[in-house]
Amino acid sequence: MLEDEYQLDFFKNNGFVRKQCQKCGKFFWTRDPERNTCGDAPCDPYSFIGSPVFSREFNISEMREYYLSFFEARGHTRLDRYPVVARWRDDIYLTIASIADFQPFVTSGQVPPPANPLTISQPCIRLNDLDSVGRSGRHLTNFEMMAHHAFNKRGNEIYWKEHTLELCDELLTSLKVDPFAVTYKEEPWAGGGNAGPCVEVIVHGLELATLVFMDLKTDKKGDILIKGETYSKMDNYIVDTGYGLERFVWASKGSPTIYDALFPGIVNELMGLAGLEHELNNTEYSNILAQNARLAGFMDVSEKANLLELRKKVASSIGMTVDKLSVIMEPVEKVYAITDHTRCLTFMLGDGIIPSNVKAGYLARLVLRRTLRMMKDLDIRTPLSEIVDMHIRNMPEYPEFRANFPVIQDILESEEEKFNITMERGRRIIQKSASHFKKTGEKIPLSQLTELYDSHGIPPEMAKEVAADIGVGVEFPDNFYSIIGELHNKAEEKEEEVIPFAERLKHLPKTKRRFYDEPTRLEFEAVVLDVFDNHIVLDNTFFYAEGGGQPADIGTISVGDIVYKVVDVQVYEGVIVHTVDIPDGELEITKGDIITGKVDERRRMTLARHHTATHIVNDAARKVLGKHIWQAGAQKFEDHSRLDLSHYKHISPEELKQIELLANRTVMENKRVITEWMPRIEAEQVYGFGLYQGGVPPGEKIRIVKVGDDVEACGGTHCLSTGVIGPIKILKTERIQDGVERVEFAAGIAAVRAMQKMESLLVDSAKTLSVPPEHLPVSVERFFGEWKDLKKENERLKEDLARSRVYRMLGDASELAGLRVVSEQVPGADSLELQKIATELLKQENVVTLLASDLEGVKLVASVGEKAIECGINAGNLVREMSKIVGGGGGGKPALAMGGGTDPTRIQDALSRGLELVKEACKEA
């Protein structure tokens with residue numbers, strides 16, 4: 001459908017011909033009239049290995065600088081990289097391409113680009129090919145996309161397809177690439193709600209660049225179909241190019257794999273740690289590795305591609321058995337994958353992602369645990385942090401990673417410990433699951449393996465090993481980890497908000513929010529634009545509408561002598577709706593009335609104090625705990641606030657003290673709170689993406705709030721200076737989910753009240769113990785020690801009592817077919833006490849014990865000695881039947897079982913039933 005898009009003067013004027021690949025069927029452009037294939041792997045093997053494409057070798061830094069300088073010299077502005085965690089997006093977690101830096105606001109035309117045209121080298125992370133990493137020789141989870149972008153509008157074109165191709169060809173020519181070796185393959189592109197024609201730039205089997213011409217947007221009514229979606233033309237159109245930095249370096253060196261080209265030192269180090277040096281020094285192995293590398297383009301593990309079949313293709317081409325090739329290649333491929341994954345982790349953790357079970361943290365843990373699993377397979381015992389440190393030493397252009405290394409190291413050590421615990425626990429979980437499927441004669445299904453990984457972190461390889469010992473089969477696709485990564489790489493799509501009374505509001509103008517301009521003003525006049533039910537819409541307001549974790553203002557709206565309480569304020573697409581309480585059932589305000597509004601001062605100031613304090617506590621936590629701290633959520637109340645922080649371990653009491661101290665110092669410095677509206681792009685360039693701690697607000701301009709050293713995009717109400725907040729008191733902290741710590745605190749009068757409450761508790765506790773408050777810790781420690789001693793003594797006495805009861809019970813036991821039967825109600829005994837007696841009696845091989853108690857309903861315990869079990873008596877069956885009589889249930893093992901019920905009036909009936917069952921068993925025996 002896009003064929004005409006590729007009929008360009010660039011191709012016609014430079015000797016290109018359009019052909020169709022005889023292998024994949026795709027169309028491509030080439031200067032070589034004899035060429036019949038598109039040049040891409042697997043249609044063509046890697047022919048640059050051992051025969052570099054460029055006139056000289058480049059390392060990563062040199063290639064990056066060459067590219068950026070090339071485009072700077074041709075009118076492009078160089079931009080610094082964005083983080084690999086997409087803080088400015090709420091639809092994706094990771095930066096997957098350079099264009100993601102400018103979505104959605106720039107690409108949609110809402111916001112102007114930071115420069116036009118521009119060039120950037122953007123580190124990216126993609127996990128959709130996770131299982132191909134290490135195997136194909138070319139796949140990476142973490143890569144840098146060198147790019148140049150031009151943002152065009154109808155009537156204001158910077159440049160489009162012709163010049164983009166000219167620049168690409170000129171770049172390759174400057175690197176002395178053989179022009180007859182270059183193919184431009186037609187491949188429509190779609191992603192992120194946009195699409196357009198695209199050409200892939202391929203040299204000697206290797207795709208070096210992708211040139212996307214984004215001019216389409218998703219449209220259900222659109223007439224352009226691409227990859228199953230319908231699109232229509234955009235008003236703006238964008239040059240979106242991506243040049244693979246690592247692939248350019250690889251092409252310049254002609255190394256066997258991209259990993260050898262990028263990380264030769266780390267690959268050699270890991271080969272040594274894995275005990276694979278002999279393979280590298282063996283001529284036969286070296287030849288096999290080289291031949292495999294040329295054909296590794298086949299090894300693209302996907303949903304449709306089976307690993308064994310791919311391996312067979314390569315083995316057949318080399319002329320050896322697939323088993324021998326697998327034995328040689330699998331350990332080497334794991335070394336390559338570990339090398340790649342650890343660089344990916346360097347960027348993830350270095351840019352502030354905390355491993356967890358949700359969002360970007362889930363993806364970091366996915367990569368991390370896959371790495372640890374492969375290291376375990378190769379018996380590499382070096383700490384993960386040491387390998388990450390090697391990468392950091394190789395990347396001096398990222399000094400922020402060196403600065404963050406102590407935190408990165410701490411995170412990795414913590415995660416390794418968690419992984420080992422998971423493996424221990426996971427073995428038991430798999431055994432239980434496998435036992436279930438053994439009974440049904442089934443294999444463990446993929447859905448169960450996915451659940452085991454998602455909920456417990458148990459890798460499918462481990463499930464396969466453990467289940468095999470039980471005789472249960474496990475099968476999972478070769479691209480299992482890619483599937484998992486794909487499931488979690490995007491934020492859940494938000495349900496479209498159902499706007500109440502949308503029809504009524506859509507014709508109204510946006511409400512002027514005057515509380516931003518005059519934050520201390522609480523009384524105002526406004527014109528009523530609409531009234532319905534108990535809702536009022538005004539032309540302007542000083543009432544803050546609920547948002548950003550801050551509750552709405554309350555107060556009054558009056559007309560003449562009639563006063564209504566404002567109980568809620570909400571905003572719907574810019575229109576603010578005031579909800580009032582109508583005691584008499586009728587609202588006596590009409591459209592066009594001029595009302596007087598009064599905001600409740602106490603509530604406004606209390607919430608403003610807590611909101612401003614939230615900024616201060618967040619900043620203090622970042623200074624104490626590290627730059628990785630990120631606000632995962634916040635909610636303000638009148639009596640306290642809570643702040644959820646991404647952090648990899650519990651915040652210690654000492655750290656909390658430091659955070660509280662720093663926060664109060666900021667208050668006492670009485671710094672002015674500065675608010676200003678700034679163009680989004682300018683704000684991002686000045687302050688970075690820490691702006692979006694509280695979420696990503698829409699619009700070309702965003703409101704910036706500076707509180708001390710904290711700078712955020714924020715729409716809430718704040719104090720005019722930090723001194724107005726008053727004291728800040730941290731009340732408690734808890735771990736609400738893996739990787740997230742919740743800090744609760746109070747500010748101002750609420751903090752004073754919280755401290756008074758704590759003081760009252762101390763005073764009351766001191767009175768109870770008859771000591772001064774300052775002696776409370778010593779006294780509590782002494783009393784606790786005495787309590788523990790008394791508890792031990794109590795336990796000892798209980799054991800003595802149990803033993804004495806045992807002797808008495810044995811004396812009172814009845815004889816039955818060579819067995820002794822104890823059947824007794826023990827008044828006031830709890831389950832533990834009954835269990836101790838039964839366990840003691842269990843030492844007698846020929847004793848059957850039936851015990852009951854009426855404590856808190858009915859407690860039942862039965863024990864059966866070894867000889868009694870041989871007679872067919874089962875404690876579990878006894879308790880089950882006895883429990884039915886007292887209105888309950890129970891069970892257990894043949895030797896010991898527990899149960900109970902709710903009807904103590906039938907205890908004797910239950911004991912009698914137990915005795916009957918023993919007699920029946922003895923008769924049958």
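Just so you know, glycine gets a Cβ as well, placed from its N, Cα and C.
According to Swiss-Prot, the Zn(2+) binding site annotation covers His611, His615, Cys714, His718. Listed in sequence order, the residues of the same chain lying 6 or more apart from His611 (Zn(2+) binding site) and placing their CB within less than 8 Å of its CB are Gln550, Lys636, Ser641, Cys714, Gly716, Thr717, His718.
Sequence-distant neighbours of His615 (Zn(2+) binding site): residues of the same chain at least 6 apart with a C-beta under 8 Å from its C-beta are Val705, Val707, Gly708, Asp710, Glu712, Cys714, His718. A sphere of 10 angstroms centred on the C-beta of His718 (Zn(2+) binding site) encloses 25 other C-beta atoms.
In the three-state DSSP reading, Cys714 (Zn(2+) binding site) counts as coil. The record gives His611, His615, Cys714, His718 for Zn(2+). Within 8 Å of the mean position of their Cβ atoms, the other Cβ atoms in that chain belong to Ala608, Thr612, Thr614, Val673, Val705, Val707, Glu712, Gly716, Thr717.
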